[in-house]
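If you check Swiss-Prot, you get these features:
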type    : residues                                       : note
BINDING : CYS167, CYS168, CYS184, CYS185, CYS193, CYS195 : Ni(2+) binding site
DOMAIN  : 1-95                                           : domain 'PPIase FKBP-type'
REGION  : 1-69                                           : region 'PPIase first part'
REGION  : 76-120                                         : region 'IF-chaperone'
REGION  : 129-151                                        : region 'PPIase second part'
Amino acid sequence: MKVAKDLVVSLAYQVRTEDGVLVDESPVSAPLDYLHGHGSLISGLETALEGHEVGDKFDVAVGANDAYGQYDENLVQRVPKDVFMGVDELQVGMRFLAETDQGPVPVEITAVEDDHVVVDGNHMLAGQNLKFNVEVVAIREATEEELAHGHVHGAHDHHHDHDHDGCCGGHGHDHGHEHGGEGCCGGKGNGGCGCH
């Protein structure tokens, strides 16, 4: 079976920045499962996987435009500190979901001032070209429920209390390994491992 739309694919991968810094990985023992062709991965990686088979190992370079896009200065904002009422101590590096007209957007605090906080809504890998080392671990047919929901369901029973067709990580689902709240495989703004 070859990687194609509507199939569930299990990937082991490492991703590095152009200068070789490892930013994320998912080993063979805990692969990333995703529904191919549903925007669950960044477009450059999903395109590169098309047609591959179980056991295929390959490297792929994904440019910023096919990953998380270019860095957008308009996504950096200075907001009043009282927006964060209920948070005891605001620190640089803290991440939050900001409610916007387009829905929740992950932001990171980049500066804390006397009465204001500077937040950045860019993905942590925006503007970066990425290098992936990938292994296709498994491929299977998706269930009707997975196709209807637009994402993979884990080994345990998966119930939904939402009415959107979200995808792994991008809308609050977890695929079983840690990305520090961001992740690197997620599709731009609408899914994948990453929140953004």
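Glycine too: its Cβ is placed from the backbone N, Cα and C atoms.
Long-range contacts of the region 'PPIase second part' (129-151) within its own chain (CB-CB distance under 8 A, at least 6 residues past either end) are made by residues 1-3, 6-18, 23, 28, 31, 34-35, 38, 40, 42, 44-45, 48-49, 52-64, 67, 160, 165-168, 173, 184, 191.
The DSSP breakdown of the region 'PPIase first part' (1-69) into helical (H, G, I), extended (E, B) and coil residues amounts to 10 helix, 28 strand, 31 coil. Under DSSP, the residues of the region 'PPIase second part' (129-151) split into helix, strand and coil as follows: 6 helix, 12 strand, 5 coil. A mean pLDDT of 96 is what the model gives for the region 'PPIase first part' (1-69).
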